[in-house]
Amino acid sequence: MKAFTYTTCSPSLFVVLMVLCLSTGVSSQLTTDFYVTSCPNVFKVVRRVVVNALENEMRMAASLLRLHFHDCFVNGCDGSILLDGSDGEKFAFPNINSARGFDVVDSIKTAVENECNGTVSCADILAIAARDSVVLSGGPTWKVLLGRRDGLVANQTGANSNLPSPFDSINTIISKFAAVELNTTDVVALSGGHTIGLARCVTFNNRLSNFSSTESVDPTLDSSMAADLQSLCSQSSDGNATTALDRNSTDVFDNHYFKNLLSQKGLLSSDQGLFSSDEGVAATKGLVQTYSNSSSAFFSDFVSSMIKMGSISPLTGSAGEIRRNCRAVN
């Protein structure tokens, strides 16, 4: 499967049409076999490091998946989230004290460089590691499109404004997805990535007290779950205590996340809102119900959405570079 296709120039007597045709042709493509000759073992090398990382900490699967997501939504899938520096995306509000797995990416990069020096981009490493993390958690597999190059600059402002927030309304999230040419199905399918991983109290404690002028606790949150979360979060004044995004199915990539939404057991407001909010009822509730009843439907749409997301504004051809160190430009 390929994310981009060449524009075919039809014969024409009009020179202006020929000029337009040439100017719109895509000079490079993402392909599944991009490294078949230049680094044929890249998949084995990445998989080996990801397996080791998950054996050490299963939560890392969600962390690596999230890095790819947060990378692609800012400047496209260009590895910019990996760049160090106080003005980098790492220190944007959605990522600071939250985005993790950078050391694992470093280990993958080192191993890949030892296999084929100066060949595989950090952006492609993120894409492969995200796929492997899903597969090793019990989720679906897919052929990863490759050929991205690494960006030269980070965009902290873009990370602060473009990344979906757990506090955003469903319509706001849909708009942020639309800005990178992803649709409502992509919103729901990719939200299903929350079937693995943990979240900090700071991302959901707004639901636990002083929720509104008439409700102390979010009425769309299961009462027994709310009590458990109140107990957990009261033990941590800094809001950094964590709990599973997918209650009772923490580390398995499945459709249980959507089953939880039907029982008001979504952890984040943005999760439960897919099913319970007025905006969600209008736009996303039907898909939540479909995925809760069919893991195959969820897996199929998740794969399609991951491929689409991984194809957001990649740098190809001679644009960007192949970083030697994912944390810094060459």
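Just so you know, glycine gets a Cβ as well, placed from its N, Cα and C.
Record features (TrEMBL):
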SIGNAL    1-28  signal peptide
DOMAIN    29-330  domain 'Plant heme peroxidase family profile'
SITE      ARG66  site 'Transition state stabilizer'
ACT_SITE  HIS70  active site, proton acceptor
BINDING   ASP71, VAL74, GLY76, ASP78, SER80, GLU89  Ca(2+) 1 binding site
BINDING   PRO164  substrate binding site
BINDING   HIS194  heme b binding site
BINDING   THR195, ASP246, ASP254  Ca(2+) 2 binding site
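Annotation: no binding-site residues among HIS194, THR195, ASP246, ASP254 have CA atoms within 10 angstroms of the CA of HIS70 (active site, proton acceptor). Note on ARG66 (site 'Transition state stabilizer'): other Cβ atoms within 10 Å of its Cβ, all shown chains, come to 23. Put simply, of the binding-site residues VAL74, GLY76, ASP78, HIS194, the one whose Cα is nearest the Cα of ASP246 (Ca(2+) 2 binding site) is HIS194. Around the Cβ of HIS194 (heme b binding site), 24 further Cβ atoms fall within 10 Å across all displayed protein chains. Per Cα geometry, HIS194 is the residue among the binding-site residues VAL74, GLY76, SER80, HIS194, THR195 nearest to ARG66 (site 'Transition state stabilizer'). Neighbour density for the residue listed as 'active site, proton acceptor': within 10 A of its CB lie 23 other CB atoms from the protein chains shown. Around GLU89 (Ca(2+) 1 binding site), the C-beta neighbours below 8 angstroms that are at least 6 residues distant in the chain are HIS70, VAL74, SER80, ILE81, LEU83, ASN95, ALA154, ASN155, GLN156, GLY158, ALA159.
Between the CA atoms of ASP71 (Ca(2+) 1 binding site) and THR195 (Ca(2+) 2 binding site) there is a gap of 20 Å. For ASP254 (Ca(2+) 2 binding site), the nearest of the binding-site residues GLY76, ASP78, PRO164 in terms of C-alpha separation is PRO164. Counting only the Cα atoms, the space from PRO164 (substrate binding site) to THR195 (Ca(2+) 2 binding site) is about 17 angstrom. The Cβ neighbour count for THR195 (Ca(2+) 2 binding site), using a 10 Å radius over every protein chain in view, is 29. Taking Cβ-Cβ distances under 8 Å and a sequence separation of 6 or more, the neighbours of GLY76 (Ca(2+) 1 binding site) in its chain are GLY151, ILE312, SER313, PRO314, LEU315. Other Cβ atoms within 10 Å of the Cβ of ASP254 (Ca(2+) 2 binding site), summed over all protein chains shown, number 18. Within 8 Å of the Cβ centroid of the Ca(2+) 2 site, not counting the listed residues THR195, ASP246, ASP254, the chain contributes GLY192, HIS194, ILE196, SER249, VAL252, PHE253, ASN255, HIS256, TYR257.
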